[in-house]
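Visitor: Pasting in a structure now, in structure tokens, and then I'll have a few things to ask.
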Amino acid sequence: MGMMKKKSEEKPRFRSIVHAVQAGIFVERMYRKSYHMVGLAYPEAVIVTLKDVDKWSFDVFALNEASGEHSLKFMIYELFTRYDLINRFKIPVSCLIAFAEALEVGYSKYKNPYHNLIHAADVTQTVHYIMLHTGIMHWLTELEILAMVFAAAIHDYEHTGTTNNFHIQTRSDVAILYNDRSVLENHHVSAAYRLMQEEEMNVLINLSKDDWRDLRNLVIEMVLSTDMSGHFQQIKNIRNSLQQPEGLDRAKTMSLILHAADISHPAKSWQLHHRWTMALMEEFFLQLNAGVLLLDSNGCIWNMLHLSTVTDGTERSEVEAQAKKITTGKGDRFLLLILFSNVLVCNNRLSFPQGDKEAELGLPFSPLCDRKSTMVAQSQIGFIDFIVEPTFSLLTDSTEKIIIPLIEEASKTPSYGANSTSTGSHVANSSRRSNMKGTVNDGTYSPDYSLASVDLKSFKNNLVDIIQQNKERWKELAAQDKKRFCSVRATWSAKVLTWVAVKWM
């Protein structure tokens with residue numbers, strides 16, 4: 001790892017070639033829009049949506065709709081173009097498009113509500129935002145920026161919609177293949193690299209051997225860092241590194257950025273956060289078909305899970321019609337109806353197939369998969385308190401340790417904040433401006449992404465404010481759920497129990 005780190009530090013910084021070209025020419029080369037290039041044609045609606053790609057409020061769902069459900073393909077192409085990765089690493093445009101389309105197919109393989117191509121596009125955009133607005137892109141090399149975008153795009157490729165623990169406990173093929181170690185994360189990287197064994201999708205074909213190896217090492221480390229089982233150790237390691245006088249490890253810092261982006265939706269607007277939360281809950285609890293095919297030879301108990309789609313006003317006859325399909329013992333029928341009533345009156349209309357499958361096999365419940373204990377609002381509050389807030393706090397602390405010295409060093413030069421600023425190996429230049437033209441921009445807006453423009457305090461405060469607002473919303477919903485649960489459950493459950501006693505007992 002030390003050898004790779006040394007190599008990485010010796011590579012030219014992302015902006016170093018500014019000294020070889022005129023600033024204006026470089027800006028145009030750096031940020032010329034993809035729809036001006038031969039390759040991927042941008043629909044007008046996509047162009048409009050991508051106007052906000054540099055913003056924390058970017059709506060990836062809007063991009064997915066505008067692109068005809070190809071948000072990942074357009075996000076990959078957009079960022080590879082913006083960062084000039086296509087030119088810098090001689091990436092064949094046709095290969096990039098084919099690779100992006102293949103990624104979308106893989107992300108859609110299991111029809112996951114959450115771990116799908118939209119999530120991949122969202123994480124990729126979030127990584128872009130963090131690099132842009134923390135100034136980290138001034139610290140990274142060109143190869144490292146390629147690694148960041150690439151790793152974000154592939155980080156959940158062919159996700160099965162179930163957890164590593166479930167794969168391990170059920171002794172699935174991928175668990176056996178990867179020896180129970182970061183099962184899905186290993187598969188994401190391996191499967192994505194297998195795509196590139198096809199010549200028409202080999203986006204890395206023109207990398208040197210050293211660059212190819214360094215990139216792969218970075219991508220593997222970053223994607224494996226998204227395994228939540230290693231979260232607390234990752235946080236501990238970086239927190240300890242912050243206390244040391246030497247600089248932060250580059251690969252570990254990049255891994256933290258990707259990990260933070262992967263769990264970032266609680267730090268997004270409520271509209272986006274709530275939508276992502278519901279998608280995640282649905283994925284945990286609505287893998288009905290997979291459960292039937294994998295584990296249930298009788299095909300009986302799982303039929304009850306269809307009730308997860310009904311509303312509080314569902315007629316008793318509809319409930320009865322579904323419940324009658326259950327052919328297990330009376331105790332199972334009784335338990336399922338009680339659990340269903342509890343879920344329904346709490347406005348948590350979700351079933352728990354993975355947890356049910358684990359219970360069926362006598363396995364311990366995975367987090368959020370026990371139907372008897374899961375409450376969406378409360379689980380999100382805990383996730384924010386114990387996972388999200390500490391992660392983003394560490395992210396901002398890390399970026400401050402990295403970027404503030406760069407800003408201080410750069411500020412000593414006469415050209416700081418003007419046309420160019422370079423200090424030793426660290427280069428910041430106004431040509432890092434985004435000079436977007438055409439239909440995306442009318443030419444009156446030229447955002448400044450130089451080191452002089454970095455505002456880490458605003459970056460941090462914005463995250464803290466949004467996270468706190470979302471947590472307060474969840475607390476309100478949790479209180480409402482509790483009140484509703486107490487006032488309604490007794491009446492509703494009594495009706496169910498009476499019906500069970502009459503019909504089945």
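Each position is counted from 1, following the chain as shown.
Backbone N, Cα and C define each Cβ position, glycine as well.
Bear in mind that the values here come from a model prediction, so they are computed numbers and not experimental data.
Pulled these from TrEMBL:
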- His115: active site, proton donor (ACT_SITE)
- His115, Asn116, Leu117, Ile118, His119, Asp156, Asp262, Gln380: AMP binding site (BINDING)
- His119, His155, Asp156, Asp262: Zn(2+) 1 binding site (BINDING)
- Asp156: Zn(2+) 2 binding site (BINDING)
- 38-481: domain 'PDEase' (DOMAIN)
- 414-441: region 'Disordered' (REGION)
Visitor: Work through the binding-site residues one by one (Leu117, Ile118) and point out the residue whose CB has the fewest other CB atoms within 10 angstroms.
Guide: Ile118
Visitor: What's the CA to CA span in angstrom from His115 (active site, proton donor) over to Asp156 (AMP binding site)?
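Guide: Cα-Cα, rounded: 7 Å.
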Visitor: Highest Cβ count within 10 Å among the recorded positions His115, His119, His155: which residue is it?
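Guide: Most Cβ neighbours within 10 Å: His155.
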Visitor: Starting from His155 (Zn(2+) 1 binding site), work out which of the binding-site residues listed here (Ile118, Asp262, Gln380) have their Cα within 10 Å, and give them in sequence order.
Guide: Asp262
Visitor: Compile a sequence-ordered list of residues in the same chain as Asn116 (AMP binding site), six or more apart from it, whose Cβ lies below 8 A from its Cβ; state 'none' when nothing qualifies.
Guide: Tyr107, Ser108, His159
Visitor: Would you mind listing, in sequence order, the residues at least six apart from Asp262 (AMP binding site) in the same chain with a Cβ closer than 8 Å to its Cβ?
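Guide: Within the chain, Asp262 (AMP binding site) has Cβ neighbours under 8 Å at Val123, His155, Thr226.
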